[in-house]
Amino acid sequence: MSAHLNAALREGDNPELTEERRKATFDTRKLADEFFGSHLARRRREIAKAIDAIPELHDTKPLPFMTREEKVEEAARKVFTLSKHITDIVDLSNNRETQSLNEMVIGIEGMPISLHFAMFIPALQGQADDEQKREWLDRAIRMEIIGTYAQTELGHGTNLRMLETTATYDKQNKEFILNSPTLTSLKWWPGNMGKSCNYAIVVANLIIDDKLLGPHSFMVQLRDENSHETMPNIQIGDIGPKMAYNSSDNGFLKLSNLRIPRRNMLMKHAKVQEDGTYKKPPHEKLAYSAMVHVRSHMITQHAMLLAYALSISTRYSCIRRQGYIDPKKDEVKVIEYQTQQHRLFPHIARAYAFAFAGTESIRKFEIMKRSLEAGNIELIADLHALTSGLKAVVTYLAGQGIEQARQACGGHGYSMASYMGEIYGVGIAGCTYEGENLVMMQQLGRYLIKAVKSVKEGKKPTGYVAYLAHAGQRHSLIDCRPNEGYAEHIRAFEHIARRQTFRAAERLQKYENSGLSTEQAWNNCTVELNRASRLHTRLFIACNFYERVLDVEDMAVREVLEDLLHLHLNYELIDIASYALEAKKIRPNAVSLVDSWEITDREHRSVLGRRDGHVYENLFKWAKSSDLNQNDVLPSHKKHLLPMMLNARKQSKL
Ligand SMILES: CCCCCCCCCCCCCCCCCCCCCC(=O)SCCNC(=O)CCNC(=O)[C@H](O)C(C)(C)COP(=O)(O)OP(=O)(O)OC[C@H]1O[C@@H](n2cnc3c(N)ncnc32)[C@H](O)[C@@H]1OP(=O)(O)O
Ligand SMILES: Cc1cc2nc3c(=O)[nH]c(=O)nc-3n(C[C@H](O)[C@H](O)[C@H](O)COP(=O)(O)OP(=O)(O)OC[C@H]3O[C@@H](n4cnc5c(N)ncnc54)[C@H](O)[C@@H]3O)c2cc1C
């Protein structure tokens, strides 16, 4: 490609990189159009330009040199500044545009209104009835109030049925009484709940007439709208520093006989009438809609984090010279080593594959949302299975890729000057939040087992599991076009995924037949089931990548994407071919085996790893000692966020 067509070329750049860019066989802008979609790619360029022109939106110093308080203040300052410009820069209803703005201005370390956008608003959209939307959603969108999503507790995050926070209906007063009855029932982790938010959607177990009705969502005011001081009957604070993401004030919350009006329960689906009559939702899991929303968006976010790490390491590998391939010549760029290429390139292919899969999961979410609005609940289960698998596979593999990218930078990769540490820390958080990965794999596993049962009953499952019914036939998941050369790869992929899924299903059946309870039989097969889910998801990603590449019109871009697809399919096939061992005998000795390392508490520096096992009370002590808890209202909040909200309210009254 001639040099002038490569948009990344700039005068004055390091000649090592210029030399690389001159070799491009395609136009980088056109490939960006494919990666992001052409609209978003264009908008990202415009957004970047707009930010360049507003100096107050730039970092005041590198984030790794800031203390936690400075980071929190910096993020609040930028949010306040952005609130004045945001509607000129982005379409606020477009999640991916807004997210791009966030990444460019504030970055990945978190900010005071992340959860407000990521979950508070989506939960109101999905679970509040029209009257409630008028009361809270409009105010939330105008940022008159800042909210979060408070579900996880100190003792339970995964098993939502065992949440201990209670909301007991008091018929006389037509109120719910919210309580955190135990230490383990404290809400723990919700983003921005510690210091920034003044409202939260609190997930609590509903009790009417002593009957437990499961987790439901309640709107709770945490802080006074004018003074920002904590409301009565509420104890709230920051949970302390984390592996990364430290501009965010993840928080704890204790509720003590807090009374809220009946209409503070979100009632689009489940309802409680004045006399205490309970009306069930049309689908039991509609209350989980905000989680499915985030999971469907996490795929593109993690593709992006992987892309950050890989672009850092690939560029660096081209300016770093070290060692010789031919001793008679100059030292080579480290990218020339076969091992360096092998370390980086399959992850580059994955970053593309993940981005395309993420676009697809967002598209599917939008389709489900529209069909739900039309009263159809059928697509909920399919989307839950798809997003559970994608969320788990992509966050895990992205984490692996980021770590490889860090190692590819040698010693400098370990300096925060590379920022790899933060990217990794933020990336791997996604393995845990929005559903621990191995648990989400099991959710997809349930769906696959059902599909196998229907195949065995002679039915033909449709959609992403259709291939399960096609043993020995030509591939079925996608329509490989003749002479494309990838049909064999896809067939092999399908074969491995199908074999594993049937193997897991047969093993499950065997355990059930042997008289074990369903739950025990299930637990005995979860390693096999999770392998099946992993293979199914990786098959989906590969097929989606294949289909996406076939749609590309620009021949030069299509050619380079085909090179990546080829690498991806080969690499993934080799990677999935080996599946590991089981280790049941270790279980009884597990703690004694680690005790034998004799690592002292001082050496560990870990509350979770204490020798005495008194974890929960010490986590609470740890949190109380957070710097951010020294003031109830942070000075930076008074300076930035409070004026922002007060101003928004004033404007809306005008
Ligand atoms: C002004 C400037 C502005 C600037 C602008 C800037 C703006 C932009 C800013 C944007 C910044 C963004 C930054 C992002 C940062 C993100 C931060 C991190 C957020 C992290 C948040 C969180 O971390 S928030 C908590 C998530 N916490 C979980 O994730 C719990 C997992 N735990 C479960 O989710 C359940 O516990 C679990 C396991 C399913 C079992 O649930 P369970 O026990 O109830 O159910 P069972 O397993 O018994 O299943 C019974 C049947 O239900 C089916 N089913 C289950 N779930 C279903 C579902 N959802 N949909 C359909 N069906 C479902 C299942 O498939 C079964 O179906 P079947 O019976 O047919 O097989
Ligand atoms: C950065 C970050 C931000 C967060 N933000 C929020 C937020 O805004 N709001 C909020 O409500 N929460 C938030 N969380 C909490 C998060 O959603 C939970 O931590 C997550 O859902 C995992 O639950 P857990 O901590 O209970 O893990 P656990 O369930 O205790 O996981 C521990 C281990 O047990 C295993 N395990 C658990 N159950 C099973 C099972 N049934 N079968 C097999 N294995 C099992 C897991 O696989 C894992 O290996 C956040 C967490 C993080 C890290």
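Backbone N, Cα and C define each Cβ position, glycine as well.
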Range annotated as region 'Disordered' in TrEMBL, from 1-21, 148-168, 358-378, 610-630 = 1-21
What are the DSSP helix, strand and coil residue counts for the domain 'Acyl-CoA oxidase C-terminal' (489-581)?
-> 80 helix, 0 strand, 13 coil
Around the Cβ of Thr152 (FAD binding site), how many other Cβ atoms lie within 10 Å? Please give the count over every shown protein chain.
-> 19
Tell me, by DSSP, whether Gly191 (FAD binding site) is helix, strand or coil?
-> coil
Please spell out the DSSP helix, strand and coil residue counts for the domain 'Acyl-coenzyme A oxidase N-terminal' (38-146).
-> 80 helix, 0 strand, 29 coil
